[in-house]
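Worksheet: the structure to be examined is printed underneath.
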Amino acid sequence: MKLGDWKFCLLLFQLMFLTNVCLSDLSFNPYKWPVNQLRRVIGAVKVTNTSNYFGFSLYENLNSNGNVFISPYSLASVMAMLYLGARGVTKNEMDLTLGYNSVNLNSEDLVLGFQQSLLLLNAESKEYQLETANSLMIQNTFNILDNYKRMLEDKFGANVQDVDFINKAELVQRYINAWVAFKTKNKIPILLNEPLKPETRLAFFNAVYFKGVWETKFDSALTRRATFYNNGYVPTQVPMMMLRGIFPFAYVSSLRSYVLELPYKGHEVSMLLLLPKDRNGISDLERDLSSSSLDSVTSNLREIGVLVTIPKFKLEETYEDDLKQSLESMGMTSLFSEANANLEGITGHRDLFVTKITHRTLIEVNEEGTEASGISSVVAGVRSGWKRPTFTADHPFVFFIRHNRSGIILFMGRVSQL
């Protein structure tokens with residue numbers, strides 16, 4: 001086959017450790033905002049809603065019986081960059097799958113919304129470390145439309161690099177792995193175990209890193225080995241952390257689950273944990289849980305003294321073939337079809353389709369926080385006469401990392417086996 005006859009390959013990668021995003025402080029009068037500022041904020045709210053919707057849909061379709069850990073925001077970010085180049089049937093399918101049509105999110109407001117969230121996402125904070133980055137690598141003999149390139153650079157802050165996938169594949173592989181390692185503080189040191197195929201013409205990357213510390217840290221002296229029931233049935237011994245304190249908490253009868261919020265320092269970001277009352281109740285919880293029901297649940301949490309027992313855990317997940325299959329089952333089929341993909345908005349021609357999409361995540365939760373470093377002393381003794389509610393996560397549970405002001409779900413996952 002001649003090179004000119006090939007449908008060129010486009011690859012998408014999302015790399016993350018953890019992330020946080022914050023939107024504008026909406027306390028001032030919106031009627032006095034410039035129109036463009038108002039559109040950015042409205043766009044950012046719609047980006048939040050669609051990102052959360054997409055995350056829940058993908059979580060449901062991954063249909064894994066083991067651990068799950070995904071970043072809805074990271075996936076939504078890279079899919080948005082791709083969507084802006086989609087046309088025809090491919091665009092319509094992405095509209096439905098990503099939820100854009102349900103909130104009337106057009107391309108211009110999508111760009112403004114992501115621009116707004118990215119500006120604040122990368123704002124400096126003394127309470128946590130955060131980095132996020134977008135990158136697009138282009139075969140140096142390949143042409144993309146100038147307006148598309150400028151949009152990614154100006155609105156998404158993407159670093160656009162010319163590379164040689166054809167003649168210097170191994171060098172490009174090393175460059176990509178070095179970029180990934182740098183952006184994730186070496187938490188994900190290698191993405192590519194082998195060079196990309198020579199027919200690759202574009203590769204999108206999104207990398208995010210978050211390092212947070214609990215507002216109230218667990219006392220490591222209280223951590224002990226205890227039983228966790230893998231998949232709700234199989235007992236195993238794991239390190240369990242203990243903490244007594246006042247936290248937002250509730251029992252939700254409609255979900256037959258306990259809900260607990262553990263804030264990170266600064267209270268801008270929290271971990272939400274949903275624990276089924278029944279040891280094998282995770283499937284029922286996931287069936288009844290949605291983005292809207294989560295919002296309803298968290299709005300009804302009340303601060304109360306709780307004895308918390310949760311496992312230390314580390315999850316490292318990679319999604320590739322199963323991610324592609326899930327997106328196709330959700331309705332995004334033409335994007336991966338050599339015959340039917342339409343990404344004319346990227347090149348001006350129908351010469352691209354997606355051959356590979358990779359989503360890699362890593363999270364570590366310990367006494368200090370989420371991949372926190374350093375040692376601190378915390379007074380968190382447990383009284384023998386404690387009569388307050390308990391939250392004992394000794395069987396499968398669902399968790400979310402959420403930005404509290406915006407409501408955006410940064411990460412979501414299931415701890416099923418340790």
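Just so you know, glycine gets a Cβ as well, placed from its N, Cα and C.
Other Cβ atoms within 10 Å of the Cβ of N49 (N-linked glycosylation site), summed over all protein chains shown, number 20. The N-linked glycosylation site annotation in Swiss-Prot covers N49 (among others) and rests on sequence analysis.
For N404 (among others), the entry in Swiss-Prot reads N-linked glycosylation site. All chains included, 17 other C-beta atoms sit within 10 angstroms of the C-beta of N404 (N-linked glycosylation site). In the three-state DSSP reading, N404 (N-linked glycosylation site) counts as coil.
Residues annotated as signal peptide in Swiss-Prot: 1-24.
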